[in-house]
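A.B. asks: So TrEMBL lists the following for this protein:
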DOMAIN    A:12-166  domain 'Oxo-4-hydroxy-4-carboxy-5-ureidoimidazoline decarboxylase'
DOMAIN    A:178-290  domain 'Transthyretin/hydroxyisourate hydrolase'
BINDING   A:HIS181, A:ARG219, A:TYR288  substrate binding site
There are 4 protein chains.
Amino acid sequence: MTDLLSLDAVAAMDDATFVETFGDLFEHSPWVAERVARARPFASVTEMHDMMMGAVEAAEDDEKLSLLRAHPDLAGKAALAGELTHASTGEQASAGLDTLTPEEMERFTELNTAYSMRFGFPFIMAVKGADKARILAGFEGRLGNARTDEMQRALAEVGKIAWLRLLDRVAPAPTGKLTTHVLDTAAGRPANGLPVTLHRLDGERRTEVGRFVTNDDGRLDAPALQGADFTAGTYEWVFECGVYFARTGTETHAPPFLDRVPLRFGISNPEAHYHVPLLLSPWALSTYRGS
Amino acid sequence: MTDLLSLDAVAAMDDATFVETFGDLFEHSPWVAERVARARPFASVTEMHDMMMGAVEAAEDDEKLSLLRAHPDLAGKAALAGELTHASTGEQASAGLDTLTPEEMERFTELNTAYSMRFGFPFIMAVKGADKARILAGFEGRLGNARTDEMQRALAEVGKIAWLRLLDRVAPAPTGKLTTHVLDTAAGRPANGLPVTLHRLDGERRTEVGRFVTNDDGRLDAPALQGADFTAGTYEWVFECGVYFARTGTETHAPPFLDRVPLRFGISNPEAHYHVPLLLSPWALSTYRGS
Amino acid sequence: MTDLLSLDAVAAMDDATFVETFGDLFEHSPWVAERVARARPFASVTEMHDMMMGAVEAAEDDEKLSLLRAHPDLAGKAALAGELTHASTGEQASAGLDTLTPEEMERFTELNTAYSMRFGFPFIMAVKGADKARILAGFEGRLGNARTDEMQRALAEVGKIAWLRLLDRVAPAPTGKLTTHVLDTAAGRPANGLPVTLHRLDGERRTEVGRFVTNDDGRLDAPALQGADFTAGTYEWVFECGVYFARTGTETHAPPFLDRVPLRFGISNPEAHYHVPLLLSPWALSTYRGS
Amino acid sequence: MTDLLSLDAVAAMDDATFVETFGDLFEHSPWVAERVARARPFASVTEMHDMMMGAVEAAEDDEKLSLLRAHPDLAGKAALAGELTHASTGEQASAGLDTLTPEEMERFTELNTAYSMRFGFPFIMAVKGADKARILAGFEGRLGNARTDEMQRALAEVGKIAWLRLLDRVAPAPTGKLTTHVLDTAAGRPANGLPVTLHRLDGERRTEVGRFVTNDDGRLDAPALQGADFTAGTYEWVFECGVYFARTGTETHAPPFLDRVPLRFGISNPEAHYHVPLLLSPWALSTYRGS
């Protein structure tokens, strides 16, 4: 990963530098950056992105359509010919689109054709970190949409692509954090003394990034991750529920129905608070994004 | 794994062979097998075990106490001296109790001493597949019990040890099965077309044992495992929720909060029906043992 | 309630009678009925409605707009002047729109004006059984929509109004039913022997329509309601959880956190299967529409 | 309700007054009060009760048995003869035990006899506010217990009776409160602007005790009840989910599956924090006692 720009550095750029730096967040469409350059300073990457999406929404219909049409097909001719933008090349590769079998290639070609004949613009999806199955499912889920709905959806995907590109360049404001809370729903009280580890998952790689024990309120004493340590990506809690049940004298089967419990989740906005708790009984569990 | 006896073979044994074969299910206590030999035939391993536990419950108090006292300390002198029964040796090793550090050994010795001074019998726990943290937590959870409660709890653990030994010797009746069901709680309908894999976990080893797609009712067309294929142990569903949301056109973040969702659970009785469903929205999930 | 037509009687009508009978399901727009008359027979009210909605979707844009514009304002001038269709009069009265205070009337007038200036058609909402707070919230929730989205949403509301009118005239196919299932998530087993009553709620009136006890699988022996007895409306289960916990010897506080537990829910399609279960521990509960 | 004593007043009593005042919390057993008189002052009613239960636990086995035997049968001869203590009379009446039919009376007599023959002490249950069905279920759930377990359970019920009597005499410390939180699990964010009312239920009587709207974090701006206003008893939240869904533009059926949602729960300890949240989607809900 290259060094990230600070929000201060973004604020200090002259307009031309700003547009040069961020003109490609929206594929071949520097006008988006141009229209928000004067709205600086931005308090957060979230705000910077919101402003840019506001500029897209406020644009004329033909500008929006041009923006959509500026995108390459997924696994299409431009990709084969090596003519993608630098960003697109990496994104498509991260989803395995650079190593399709001939059959898969044919399927993508068919779907790209069907989609662009129906809507008049290419299929756009924020594919970074996705896999082929999810992308193909995305085609299936959107091919039947009404055109106005699909245009809106495509613009939302453009926004997500820009968001992911932005996170590769600008350091988020240090407002984000990840917290948890374990409640014992059979006993009606916080689950204290429960060991928890947190892992970061990058494809097949798995890195432990924290090791905790819940306190008397069933919480960790501090956020598991916060500020610069809290980055977008895929994470997994592993809750040692078997240890907790043993410690509280709760009888379980052998092996216990719930023992070492993984909960996997994705973080898209590292400036936000993600509360990802566990409601636990010996025979049931729930989780959700809380606040 | 050695070949398992059939329930028919168990039924056909003469009494002496039955007692010889199953006399050690309960540590140094062949009287349990003796008292149920005439109750044969057993329709299931569950019934065989229930009968044996009935014999234990019906025994005199001093017989129960002798049964408890027939057990070795966990990681105790008998283990060090290689004097454990064959079954106990394997069980303690599976929990890593044969490779304790000196500090851990000292901790176990302290706890064993404290426990047997308090209760007059050794600490008993069905440790097969557990780890040190869970066993130490078990000590902590039970040392404070009242003696009558703890005696009952210790007998329950004896029963679980016998159950696990029994499953190593007799083939279960083919009544067990594992099923699932995925409901989309944001849309209020079954989640169809959702890819699911099932994995078996043996320590660090992970084996895929099935690959499915949910049908229109959100279920698999047949049990994921049943009969002889359904054995006790640790399993993990992996639900491809990201694919499902893409297919239904549900917009998610990048990455999605819930994408590839593992649910890990233990199966203790392979003759039973385990229904382990998923209640799913883009931002929340629940599971439980259902019926 | 007047007698309902059977689906057979609907099938047997000549086209003119069909259109005369159902021409007003869609406000002042008999063309919808005309276009589906030849699609008879209908296997269900659901199918009849689906066909009609298909005709609306397939209509020209100006026909759709005319359909929307054929609707009166909620609590508007037509209502004051007694010029609503018979169906609209009853629907608006059921939501209390015939007894607004002057201040409320003024608020509705303002919102109607703002809405129709923005979108070019009146605010349409299936208000039968709603109350003023929900209707006002509906204005708030939709005034900010994009016009194409809102037009689609307005047509969906037209569809719901037609659906409710249809249920007042044609007897549903006897395919619907209401079932439940109670799982004890602390014990990991079905909650058997739990008394349940079912109530129907009509405004302030509350009628007990069934009294049950869960069986060994935690279910009722038969659907709580099915066929002709299962009508659209608001229902409430009352689960006697305190009795269940007492019967299973589960200790609870005084009073128990969960004792007599009501779960209230609405049924919109009496031809469908509604499974409304309860996941229960002494300190937590969940419900959902299942299948 | 008579005036409650303050904890300060309890602290200021001389020992004899203290024993006179609280000697009957434990039926005909003033020794419990005697043994804790010197442990004053108590910081809370919870602490006072904990101390008393500690004295019971520390008592000799024959004292415990005498304590159990000092209790009257439920709906038994003493009740018929008007020989109950004042407190017992009120408690039994609150559960309807003073108006049994002859058949019910016979059933209670049978169960009382079976129970005391089995255990050697009368069936004890904290019946205040319970009904006959729950009490009969309690007999059923406990008659099969082992004697040592049942003795412990009976002492726990004695403790609950004493707790309820204590709350009738001493004002709790003002540490208790009731809070909630509504999360939209379909949208992954707090449910703001959702109207909630809180009701207190006394038998058939229902009193609205608060009216709130959730704030931007899905919470109420302050506890719904706290300090002296937060008393033990049965409460019901009513969440206006239909209004929330309308306001957020979420399409629902007609009627919505979840519209006006009641959640009923019991508060046993007015010195504690009860967090009773709602996890909500258009088709599912959960609640639990949180912290």
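Here the Cβ of each residue, glycine as well, is placed from N, Cα and C on the backbone.
A TrEMBL annotation is a machine prediction, not a hand-curated record.
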A.B. asks: Over the domain 'Oxo-4-hydroxy-4-carboxy-5-ureidoimidazoline decarboxylase' (A:12-166), what is the model's average pLDDT?
C.D. replies: 95
A.B. asks: Determine, from DSSP, whether A:TYR288 (substrate binding site) sits in helix, strand or coil.
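C.D. replies: In the DSSP reduction, A:TYR288 (substrate binding site) maps to strand.
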A.B. asks: Taking the recorded substrate site as A:HIS181, A:ARG219, A:TYR288, identify the other residues of that chain whose CB atom sits within 8 Å of the mean position of the site's CB atoms, giving them in sequence order.
C.D. replies: A:THR179, A:THR180, A:VAL182, A:LEU183, A:GLY218, A:HIS275, A:VAL276, A:PRO277, A:LEU278, A:GLY290
A.B. asks: Sort A:HIS181 (substrate binding site) into helix, strand or coil using the DSSP assignment.
C.D. replies: strand
A.B. asks: When you measure from the Cβ of A:TYR288 (substrate binding site), which residues in the chain that are at least 6 apart have a Cβ under 8 Å away?
C.D. replies: A:VAL276, A:PRO277
A.B. asks: Under 8 Å Cβ to Cβ from A:HIS181 (substrate binding site), same chain, six or more residues apart: give me those in sequence order, or none if nothing qualifies.
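C.D. replies: When sequence neighbours closer than 6 are ignored, A:HIS181 (substrate binding site) has A:PRO190, A:ASP217, A:GLY218, A:ARG219, A:HIS275, A:PRO277, A:LEU278, A:GLY290 within Cβ distance under 8 Å.
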A.B. asks: Please report the number of other Cβ atoms within 10 Å of the Cβ of A:ARG219 (substrate binding site).
C.D. replies: 19
